[in-house]
């Protein structure tokens, strides 16, 4: 079994609970913003200039907190996705190794099997036609079905079409969206560009030379260059 897979449900529950708490904090802040805004509108005519500035700063600070909670929730969601994906890949690799072991055992039993020659012939013909497509999940037709080994040529052929390297070197799902300057899928820690018109939006920390989340607004290298050109 995969080490740590038994802890996955607890880890998922914890992450989802944290995301729910972040949601609640955001809602509380939004209620606080509404209250501050109503108070400001009601009292603005009687406020001194410095009091107005102070009140507006409170509203701005509350908005900043909302954005921080939202960013943390996005980071947590991406980490949760990556955690589940890692376990899936490890399970797929273990499954491929298990099937490879079965293949070796079946090949070893060919010497005692009277029909081994015809079985080998069918295998070589199947190899010439090419193995089935690679991917994490196979269709029902590609899934090995339990059969007795005495007449198990179909089972043997199915086992032969799976290789551990196919799973370990598995390409990225073409339907999964890509991000960043490297045009890769989301993984690890990522940061969002504060330019609302940024065509990429999300970037891996390593690709933009970050190790921790910077304070305040952050703009990606492309948007920084565009701003310089406009000046």
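Backbone N, Cα and C define each Cβ position, glycine as well.
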Would you please say which range out of 106-151, 152-197 has the annotation region 'Disordered' in TrEMBL?
106-151
Can you check which residues sit near residue 190 (site 'Histone H3K4me3 binding'), meaning Cβ under 8 Å from its Cβ, same chain, 6 or more apart in sequence, and list them in order?
75, 78, 179, 180, 202, 203, 204, 205
Around the recorded Zn(2+) 1 site, report the further residues of that chain (criterion: Cβ within 8 Å of the mean position of the Cβ atoms of 180, 182, 204, 207; site residues excluded), sequence-ordered.
179, 181, 184, 203, 206, 208
